[in-house]
Every structure is written in C-alpha cells, then in structure tokens.
Amino acid sequence: MEGKNLLRYLFFLSAIVLLLFFTLLNLPSPPSKAELLDCTTSSLWCTPKNRIQSKNPITKPNSHTADVPHHPLDPLTLTEFNRVKKIIQSHELFKNSVYALHSVVLEEPEKKAALNWKKGDPLPARKASVIARARRVSHVLTVDLSTGEVSQHETNQYSGYPTMTVEDMNSVIWAPLASADFNRTVIERGVDLIDLSCLPISTGWFGKAEESRRLIKVQCYSMKDTANFYMRPIEGLTVIVDLDTKEVLKITDNGKNIPIPKANNTDYRSSVQNSYQRLVNPISIEQPNGPSFTVEDDHLVKWANWEFHLKPDARAGAIISRVMFRDPSSGEMRSVMYQGHTSELFVPYMDPSDAWYFKTYMDAGEYGFGLQAMPLDPLNDCPRNAYYMDGVFAAADGTPYIRSNMICVFESYAGDIGWRHSESPITGMEIREARPKVTLVVRMAASVANYDYIVDWEFQTDGLVRIKVGLSGILMVKGTPYVNMNQVNEQENLHGTLLSENVIGVIHDHYITFYLDMDVDGSDNSFVNVHLQREHTSPGESPRMSYLKAVRKVAKTEKDAKIKLKLYDPSEFHVVNPSKKTRVGNPVGYKLVPGGTAANLLDLNDPPQKRGAFTNNQIWVTPYNKSEKWAGGLFVYQSHGDDTLKVWSQRDEPVENKDIVLWYTLGFHHIPCQEDFPIMPTVTSSFDLKPVNFFESNPILGIPPNVEKDLPICKAAAAASA
C-alpha cells in the first residue's frame with residue numbers, strides 16, 4: 001500500500017508541476033483524452049500520435065558514393081571529384097610542389113548543347129573547371145574527366161586572387177599565436193589566450209603596398225563566458241598576415257584605452273536562456289498526401305506547372321537553371337530563364353579608422369557564399385516535409401567533402417490569397433470567390449562569420465518568381481569607452497549606434513547582385529524600359545489636367561539598359577521576346593519588379609567602390625558570355641576592379657533581340673539599433689520576376705477553391721495507434 005500511495009503522490013505532484021509549467025509559459029493545457037478522441041472539437045490538438053505524416057519522407061542521409069550525373073548541368077559527383085584530384089596530382093604544374101585547389105566545379109557545357117539536350121540523350125563530355133595555386137601563381141584549368149587531359153587558360157590579364165579556401169581561413173587565424181609580441185599584447189589587454197577567438201578579414205585593395213602577395217588581416221575577440229564572442233572585440237588590435245606563408249607581417253594596437261565589453265546578456269543560445277516566452281502555439285503545415293513537388297534524378301524539381309534544375313555551388317550558394325513553365329492553356333513547356341544565382345555580395349562598413357576602413361567584404365568572391373552555407377535546421381530553418389539537398393565540394397587538396405542539408409525545398413502557405421473577388425450586394429449577385437496562394441520555396445542560408453544571409457527563390461502558381469534575401473545573425477561591432485550616450489560629445493562621430501555598454505554597431509551596407517540569364521520563350525530577348533510619364537490635356541479637352549502615359553523604349557546597347565531606380569521617375573523593366581506575340585499582338589515577356597532596396601552612395605573613386613562598381617546601378621543588361629557570371633570578376637580577392645560588370649558593360653555591345661543577361665542589385669542600408677543586440681531579428685527585402693503578357697489570361701483561373709474535406713485533419717489517437 002505504501003508503494004501505491006507513493007506512486008499516487010508522485011503522479012499528483014507531476015500533474016501540479018505540469019500545470020504550473022504550462023501556466024508559466026502561457027500555453028493552453030495539454031489535451032484531454034476526450035479531445036484526442038474527438039477530432040471535431042474546436043480545440044483540436046495534433047500530437048505525434050495522431051498526426052498524419054507524409055507517406056514518403058524525403059529527407060535521408062546520403063553518402064553520395066553512388067551518385068551519377070543525369071543532366072548536363074548536374075554538379076560533379078564524389079567519384080568525379082576523386083578523379084580530378086588524381087589527375088591534378090600527376091600534372092606537371094603540381095608535381096613536387098605545395099598547391100591548393102581554390103575551386104573545383106563542373107565546367108558547364110556550351111549553352112546551346114545544354115538547351116538541345118533531352119532526357120535519354122548521352123551527356124556532353126564531363127569536364128571540371130579548376131582554379132589552383134602553386135608557387136604563388138594562380139592557374140585556371142579545364143580537366144576532361146574522360147580523357148584526363150588538362151587545358152590551361154590565361155590568368156595574367158587581371159588583378160586579384162581566387163576565393164580563399166576553407167583551409168586558408170582556418171589556418172590563418174592561428175598564425176598570430178606564433179608571435180610573442182601578439183601574445184603579450186593580448187594578455188596586456190586582459191584576455192587569456194585560451195579565451196581568444198579570431199577572424200580572417202579580407203583586406204580589400206588600397207594601393208601598391210598590398211600588391212604581389214596575398215594578405216589578410218586578423219582581428220580577435222574574447223569568448224570568455226559567452227558563445228557570442230563578436231560582442232567582445234579586442235578593439236584596435238589588427239594583425240596583417242601573409243596568406244601563403246602564414247608569416248605575421250605587422251601588428252597594430254590602437255585600442256589600449258578601450259575596454260573589452262562584458263559578456264552579460266550576449267549569449268543567444270537556447271540552452272543558456274533563463275526563461276522562455278512562448279508567444280504563440282506551435283504551428284505547422286500538415287500534408288497528409290505528402291508534398292506536391294518531386295525531385296527527380298537528385299536535381300530536377302517539378303511542382304505545379306514549374307520545372308527547373310537545382311544544384312548547390314561553392315561560390316553562388318544555389319544555382320537554378322533551365323526554368324520552365326507549363327502553359328495551362330496549351331500544355332507547352334515554355335522557357336523563362338536559363339540560369340539564375342547570387343553573383344556577388346558587397347558589404348562596406350562606414351568607419352574610416354585604421355581598424356575598420358578595409359572592411360568592405362565581397363562575400364561570394366572572397367569567402368565563397370556556398371562554402372559558408374551551414375546545414376539547415378529542420379523545423380526551424382525549413383518546415384516539415386522539406387526536401388534537403390547536400391553540397392559536395394573539394395577541399396584544398398582536392399578531397400571531396402559533403403555539406404549536408406545545404407539547400408531545402410518546401411511548399412509554403414501563409415494564408416495569402418492567390419486571387420479573389422466578392423460582388424457587391426447592389427448588383428444582386430451573391431458571388432464570393434477566392435483562391436489560396438501556395439508557393440514553392442528553394443532556400444539556402446550562409447553564415448559568413450557573424451552575418452547570416454537567407455536566400456529564397458519562391459515560385460508561385462501564377463508564373464511569378466520572387467527572390468528574397470533575409471539578413472540575420474550578429475552585428476560586427478566596435479569597442480568603445482562609452483557606456484551611455486550622455487558621455488558622447490555631440491560633434492563626435494561614432495560611425496554607428498551605441499548598442500550596449502562599450503559596444504557600437506557600425507553603420508554598413510549590404511548589396512546582393514543577382515545574375516539572371518532570362519530566356520523568355522527562347523534565348524533572343526530584348527530589354528524594354530516602359531517609362532511612365534506625365535501628360536497634360538489640351539484646354540477644354542477634359543476636366544482632368546494630367547494623366548500618365550506608358551512610353552516603351554527598347555534598349556539598343558548596354559548603355560541604354562543601365563538603370564538607377566527613381567521613385568518620382570518610374571518605369572517598368574521588361575524582358576520580352578520580340579518574335580513571340582500573344583493572340584492580340586503583345587510581345588511575350590517577364591518584368592523585373594524591384595521591392596525595397598538601397599543605392600550605393602560611396603564616392604565612385606573610393607577604392608572599395610571601384611571594386612564594387614557593379615553596384616553603381618541597380619539594373620544592367622549585358623550580352624550572354626559564358627565567362628561573365630561573377631559581377632566582381634573571376635578573381636575578387638585584392639582585385640583592383642578591372643574585371644567587373646561595370647568594365648564589361650563599357651563595351652556597349654548590342655542587346656536588342658540578343659541572348660542577354662539581366663543583372664539586379666538588391667540593397668540594404670543598415671543603421672544598427674538596440675533591437676539588433678545581441679542577435680538580429682531577420683530583416684528581408686525582395687524583387688520579383690513577373691509574367692507580362694506571357695500568358696493569354698490569368699494562368700490560375702482554373703485552380704479550385706479549398707473545401708473542408710481537402711484540408712488536413714488529425715485522426716483520433718486510438719485510430720492512429722491502431
């Protein structure tokens with residue numbers, strides 16, 4: 001009896017603890033057995049027992065050892081990476097030499113060959129494009145995987161160095177510890193060496209003193225008592241290191257009077273939070289029949305009327321190719337875009353002081369946007385029923401490795417409306433029609449040191465593609481003696497915002513430039529600026545004095561297509577196929593619809609802006625050139641700006657009715673605020689690629705409305721466990 005009484009007591013105590021727990025979290029009480037058995041109650045709970053799961057879960061670990069290419073644009077397989085490694089090892093350039101492979105990717109076949117290929121055809125010859133360094137010299141190579149032949153390409157015409165390898169970044173942050181002067185300086189600043197965490201910071205280019213060798217600057221932080229070491233900078237301490245030899249060249253400490261900010265309230269990890277505020281109940285989209293999309297042959301995504309090829313990339317992050325849409329009226333698969341991806345990111349900080357002036361990052365060309373992509377977190381980064389795609393990349397010695405869960409694909413429904421109309425009662429017609437908007441999202445997230453970028457390609461059933469960029473992560477901050485704004489002289493420029501005691505968030509910009517090789521119903525397209533201009537009526541013509549008129553101007557050359565956005569001088573920007581017309585005679589097309597964005601305000605002669613000159617305009621149009629995919633140039637690290645989108649565009653080549661590439665730069669000005677401390681809520685902006693006379697009418701007119709029987713429900717617990 002005593003044992004039974006003890007059990008009853010423990011059960012009773014547990015119930016009280018649970019009740020207190022749910023009360024404190026402001027959550028509803030757990031469901032009763034009756035609620036679980038009755039799926040018609042208004043307070044329905046979905047639990048792991050009664051939830052209907054997808055019949056075919058599509059996430060699984062993959063060793064990739066059995067991967068084979070199925071499509072001309074499929075990335076290199078594990079086997080092919082190993083083949084490249086073996087060929088390079090035996091090549092004369094690298095025998096008996098220390099070398100590093102900075103990039104190993106598929107050398108894509110000629111565009112015409114890829115367009116003409118159909119499933120079942122033999123694949124074009126598989127080749128790898130390799131960027132390597134040996135004996136302080138950069139080499140660009142093509143490796144034929146079937147013959148083993150290696151072709152070498154000219155690299156001396158432009159300045160700059162290849163993207164850093166992961167090994168470069170990992171090894172250089174330890175280099176300062178070989179210096180007794182550095183170690184002594186750190187200890188004098190009050191930081192134990194065991195608590196030291198350092199970052200590799202690209203130097204940019206500011207003159208001849210930085211030529212002839214790869215340089216990097218290393219700055220350090222204290223990670224004592226926090227994982228968020230970014231908030232504890234050893235301000236003013238900068239070490240210049242030779243990236244090839246790891247030799248410490250110079251140590252500067254201009255911050256001896258600046259304290260290390262305290263660790264209080266800087267850690268963002270869930271495990272160290274003192275309390276949680278459950279503001280909303282958990283939410284999830286249930287798909288009883290599984291997702292509506294498929295991924296065939298590892299890279300071909302099909303959803304609704306869309307079809308496209310998707311692959312991870314070490315530099316771009318994600319590359320989307322051969323984007324096609326099935327016309328609902330004709331059933332024809334129609335081309336929209338040949339290829340699209342992130343081309344470059346430019347992040348200049350607005351502090352000209354010695355420890356900050358060089359912080360003008362180009363995250364794709366210097367660090368590798370895809371190399372910095374971390375595994376996505378299921379249920380938080382991506383919802384249930386997401387499909388995950390791994391990246392396979394090459395280490396500096398050529399050994400392949402897997403970046404798991406690098407990209408996710410999922411369907412999204414946020415209660416948005418695809419289209420609707422309700423008729424007014426005055427008409428006597430009782431009409432209420434609405435259709436839900438479900439979209440397909442392709443997502444990758446890169447953590448480039450402190451900053452996190454989320455890039456979404458969102459496909460809608462009406463033919464629109466929305467490209468969205470989210471910024472989150474942690475600010476790069478500056479140490480300061482100030483603990484309150486009342487200590488700051490009004491004339492003093494902090495170059496940012498005092499976020500916490502001894503912490504300044506420095507003003508900076510983000511520019512993300514996208515490469516968009518539009519192929520609207522074919523490769524030969526034209527760029528049309530549809531300008532809205534004010535017209536005035538003639539005296540006596542109308543009670544109106546003014547109205548707007550759309551004036552179409554077809555860009556003849558690249559110069560005509562350089563666009564700076566102006567709110568009070570608006571235009572639409574169309575990419576049309578002049579040889580394809582709708583039933584009523586309009587050229588079929590897509591238009592670029594900018595969302596919220598920012599323009600670069602730096603002086604055009606400022607060295608960082610010369611390198612980032614691709615942000616001088618929001619829109620550029622260039623003729624297709626297979627070698628011109630990276631807006632900052634092939635070799636961005638320490639480049640002088642002599643191989644950028646701006647330079648290519650100065651050729652002013654014809655772009656009318658040609659195979660053209662559209663470039664768009666999405667921008668953010670960021671003046672930090674206290675809500676960004678210690679980690680930033682995500683801020684987003686986007687732009688659209690929207691059909692404009694591409695279809696004969698609304699392409700989603702025929703989709704049915706939702707009805708109750710179509711929607712997911714929970715089974716009774718008893719039935720689910722049966």
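Cβ atoms here come from the backbone N, Cα and C positions, even for glycine.
Look at TrEMBL and you will find 71-153 tagged as domain 'Copper amine oxidase N2-terminal'. The domain 'Copper amine oxidase N3-terminal' annotation in TrEMBL covers 162-261. Marked as domain 'Copper amine oxidase catalytic' by TrEMBL: 284-700. Annotation source TrEMBL lists active site, proton acceptor at ASP363. According to TrEMBL, the feature active site, schiff-base intermediate with substrate maps to TYR451. The annotation 2',4',5'-topaquinone is assigned in TrEMBL to TYR451.
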Give me the mean pLDDT over the domain 'Copper amine oxidase N2-terminal' (71-153), rounded to a whole number.
96
Distant-in-sequence Cβ neighbours of TYR451 (active site, schiff-base intermediate with substrate), under 8 Å, six or more positions away:
VAL347, LEU471, SER472, GLY473, ILE474, MET476
Around the C-beta of the residue listed as 'active site, proton acceptor', how many further C-beta atoms are within 10 angstroms, looking at every protein chain?
25
